[in-house]
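Below: one structure, written as structure tokens.
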Amino acid sequence: MVEKRISPQSSALIGELEVPGDKSISHRAVIFGSLAKGRTKIDHFLDGEDCLRTVDIFQKMGVSIEQQGETVVINSDGADSLIEPKEPLYFGNSGTTARLMIGLLSGLPLFTTIYGDASLSKRPMDRVILPLSDMNATIFGRSGGKLLPLAISGKELQAIQYTLPVKSAQVKSALLLAGLFANGETIITEKAKTRDHTETMLGAFGVKLNVDGNTIRMDGKQSLKPTRIYVPGDISSAAFFLAAAAAKPNSSLVIKKVGLNPTRTGIIDVLMQMGAQIEIRNEERIGGELLGDVKISSSSLKGIEISGDIIPRLIDEIPIIALLATQAKGKTVIKDAEELRVKETDRIAAVVEVLTTLGASVTATKDGMIIEGSQELTGGNISAYNDHRMAMMGAIASFFTKEDIIIDDISSIAISYPSFFEDLKRITTN
Ligand code: S3P
């Protein structure tokens, strides 16, 4: 446990910053690079705990991966060369590693057992296991096959046509990874578009797939060709500073080379709808992913309703959006976000508890919350619920409190943003 006391921050957020690499893209780069025969180099990789789990797992399956900070070099003999790990594989807190690897391991001729930390052991895995079972996968798990630990006896799979009942890029990606090794054509349809980094990066690794609206078609038995990946800055990490700068008077901040994939930019849309002043500059596309610089200046904000298809485009940003809503004039209503209940913690309950402790007026609903603005926050003792995004939201709250905030444990921040406090210091003047 690493407790942290933060005094009220009177400073505005000023300057320029590049945030660490995108977590979703970093995981996928390691997975696909390990499946491709040859040398894959990844630049601006996220050197955070979750992504390092993915690196460790492929090393345990015999892939040569050299990781030094933000640079990763993978030399692989391809998917056929992966060896059966001698020990159970540990996924820590990482839901992305878990869901994607369950899909992949189901279709490889290996026996594996996998487990995670207390939080991951509570998160639903049946959302991937059920469709994988339709593909003929053999997976055993706790609680009737719903929870980690799991045992996977990988084998040849049959492609399926599947409409995702949950809005989840992890489930979509698990099925695409299984489909890569399956007989036949995998056809996946989403009701609302979720992040499409898997589809984009499979293309960069030479896999042929067809995306038509919300439907993806991909033939099985395709091999990946090695490539070079640049990971854009993580917009989910940038969101903490963007939100703080939007509401803290006299702020003017530029986040450089941040990922602007439209399936992830719901936060920018919300900030604009709330009245933030945003400019996007220097847009470019690298490896199929859009990135650019985001300039934000503070202004007066108003509450809005956030619901429907935008939710998957900002699902990880809802804790910081809720904090921001306490600083906006009027009510903010968040709906259709029931997925928050099964994140690293129940983020509806956790956000409401933290903001209420800080003196805000927030009500939980079954699929979201209602936040009254604009409110001066007090301060006090809050829990991060061992959830990196809750811990960073708690730290940013100090820009809007009258008294100190004491966060019970900030160690989870290392999952997605190890240099969070150093970076925060660079863009504040006090
Ligand atoms: C992710 C998908 C999302 C997101 C998570 C990363 C991914 O999860 O919340 O942080 O990399 O595919 P779900 O698929 O559960 O929505």
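Cβ atoms are placed via backbone N, Cα and C, with glycine included.
In the three-state DSSP scheme, D316 (active site, proton acceptor) is classed as helix. When other Cβ atoms within 10 Å of the Cβ of D316 (active site, proton acceptor) are tallied across all protein chains shown, the result is 25. The annotation active site, proton acceptor is assigned in TrEMBL to D316.
All protein chains considered, the CB of S24 (3-phosphoshikimate binding site) has 28 other CB atoms within 10 Å. Taken from TrEMBL, the feature 3-phosphoshikimate binding site covers K23, S24, R28, S168, Q170, D316, K343.
Of all Cβ atoms in the shown protein chains, 29 besides its own fall within 10 Å of the Cβ of R389 (phosphoenolpyruvate binding site). Under the heading phosphoenolpyruvate binding site, TrEMBL lists K23, G95, R123, Q170, R347, R389.
Summarising the annotation, TrEMBL assigns domain 'Enolpyruvate transferase' to 10-424. Summed and averaged per residue, pLDDT over the domain 'Enolpyruvate transferase' (10-424) gives 98.
Among the recorded positions R28, R123, Q170, D316, R347, the residues whose Cβ lies under 6 Å from any atom of ligand 1 are, in sequence order, Q170, D316.
Of all the binding-site residues in the list K23, S24, K343, the shortest Cα-Cα distance to G95 (phosphoenolpyruvate binding site) is found for K343. Geometry remark: S168 (3-phosphoshikimate binding site) versus R123 (phosphoenolpyruvate binding site), CA distance 13 Å. In sequence order, G95, R123, D316, D387, R389 constitute the residues six or more apart from K343 (3-phosphoshikimate binding site) in its chain with CB-CB distances below 8 Å.
Residues K23, S24, R28, S168, Q170, D316, K343, recorded as binding 3-phosphoshikimate, reach a greatest CA to CA spacing of 19 Å.
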